[in-house]
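One structure is given here, and the rest of the page talks about it.
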Amino acid sequence: MTQELIEKSKKYLWLPFTQMKDYDENPLIIESGEGIKVKDIDGKEYFDGFSSVWLNVHGHRKKELDNAIKKQLNKIAHSTLLGMTNIPATELAEKLVNITPENLTRVFYSDSGAEAMEIALKMAFQYWKNIGKPEKQTFISMNNGYHGDTIGAVSVGSIELFHHVYGPLMFESYKAPVPFVYRSESGNPEICRDECLNQLEQLLIEKHDTIAALSIESMVQGAAGMIVMPEGFLSGVRELCTKYNVLMIVDEVATGFGRTGKMFACEHEGVQPDLMAAGKGITGGYLPVAVTFTTEEIYEAFYDDYSTLKTFFHGHSYTGNQLGCAVAIENLRLFEQDQIVAQVSEEAEHLHKLLLELKDMPSVGDIRQLGFMCGIELVKSKETKESFSLEERMGYKVSLKMRELGMLTRPIGDVIVFMPPLVSTMEDLSSMVNIMKQAIDEVTRSEF
Ligand SMILES: *Cc1c(COP(=O)(O)O)cnc(C)c1O
């Protein structure tokens, strides 16, 4: 039976972000999950070391979350949000507005982080049109940014590996640098930060009249390899956006809902975005719900008689889905009841100490962490910071070794991603870091 399923998976599926040749060599089918572990069809258990790609909060099969969905199912699974609403979508909107930065007062639902970003971009673009400044129609996006895989989100992204192929399909945006301290010349966070802010200001001085908005991930560039922004950078970008009258779109899809030790990562610097995208942890990792938040000022710019055609003409079939919103409401209740954010913030210090134990390994170049969002960059040479070659596939090999040792994660190049479910205990964290350490040691030992 298991072999049959594996053959079927190889025969019929095409998996996201996956070279299927790799899958065929190392297939894996998950059957169930419990707490912070998942189990495959052979009964082998794994720590969910990447929260099922950055989603999971309270663990799998959390009774309260399961029940919230069952309870909602007794009423209705889905009805539309086009021109009407439903009970959970309405209740959830209020709860969300109460936990987001103060100036964000409006909730626009969608189903994925990429959509939430598309919506933010289109809202920003149309906002200026609606208030009579149509010349503001281009964007500034950040080097190494990632905002999802639809064309608009890719246009404001700039991860060479993912985005290069689609170059001709994208709308143009101006790119601004983000400090990457480990690979900077000075290696000094303040110098690195100020250089980037200066370059951004130069760009704004020249182009601000034509710029609708700037898009940026909040505090950590996840897909770029868990690059944590130095203190003062995000707030510096906020100040420049305000100074030059450009809307600030903050992407909290990965960082939101407690991941970095604050409910939203922009709270680390008291930043109030004009538009904010969230997704991933919003349902505790259960169902696809995403949100674009915005201010009353932007909302008002679309509010008029229909004939003015200021309406925001955008929507998706499953927007505001009741099952998703119901589980999101329960997720937020658990956040409060179990004090998840405070606990992540506290345990992150413990995790920091655990990760320091990897620091002396010959192939560990840099360890980056904010809360439960961590990246361990493997390098060929610690001194020169030389990377392994693409052919060596070091990150991939280490991840396969971790899988063998009982933990799942997915590398970004040679950066080992560690993003455990937010309920992981200190003991869980130790076990997971030990697996990581052993895998790095076994795979890279032959190199030195
Ligand atoms: C995952 C992610 C997205 C895309 O979200 P999807 O739900 O996968 O479309 C966008 N931005 C960031 C920062 C992300 O990490």
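Yeah, the Cβs are placed from backbone N, Cα and C, and that goes for glycine too.
A TrEMBL annotation is a machine prediction, not a hand-curated record.
Annotated features, as they stand in TrEMBL:
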type    : residues                               : note
BINDING : Gly113, Ala114, Asp251, His316, Ser317 : pyridoxal 5'-phosphate binding site
BINDING : Tyr146, Lys280, Gly315, Arg410         : substrate binding site
MOD_RES : Lys280                                 : N6-(pyridoxal phosphate)lysine
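The substrate-binding residues named in the record, Tyr146, Lys280, Gly315, Arg410, extend over a maximum Cα to Cα distance of 32 Å. Close to Asp251 (pyridoxal 5'-phosphate binding site) in the fold, though at least 6 residues off in sequence, lie Gly113, Met117, Gly145, His147, Ser215, Ile216, Glu217, Ser218, Met276, Ala277, each with a CB less than 8 Å from its CB.
By the rule that a residue counts when its Cβ sits under 6 Å from some atom of ligand 1, the binding-site residues Gly113, Ala114, Asp251, Arg410 yield Gly113, Ala114, Asp251. Around the Cβ of Arg410 (substrate binding site), the number of neighbouring Cβ atoms within 10 Å comes to 17. Annotated pair His316 (pyridoxal 5'-phosphate binding site) and Lys280 (substrate binding site), C-alpha to C-alpha distance, rounded: 17 Å. DSSP classifies Ala114 (pyridoxal 5'-phosphate binding site) as helix under the three-state reduction. Here the Cα atom of Ala114 (pyridoxal 5'-phosphate binding site) is found 9 Å from that of Tyr146 (substrate binding site). With Gly113, Ala114, Asp251, His316, Ser317 listed as the residues that bind pyridoxal 5'-phosphate, the site has a largest C-alpha separation of 23 Å.
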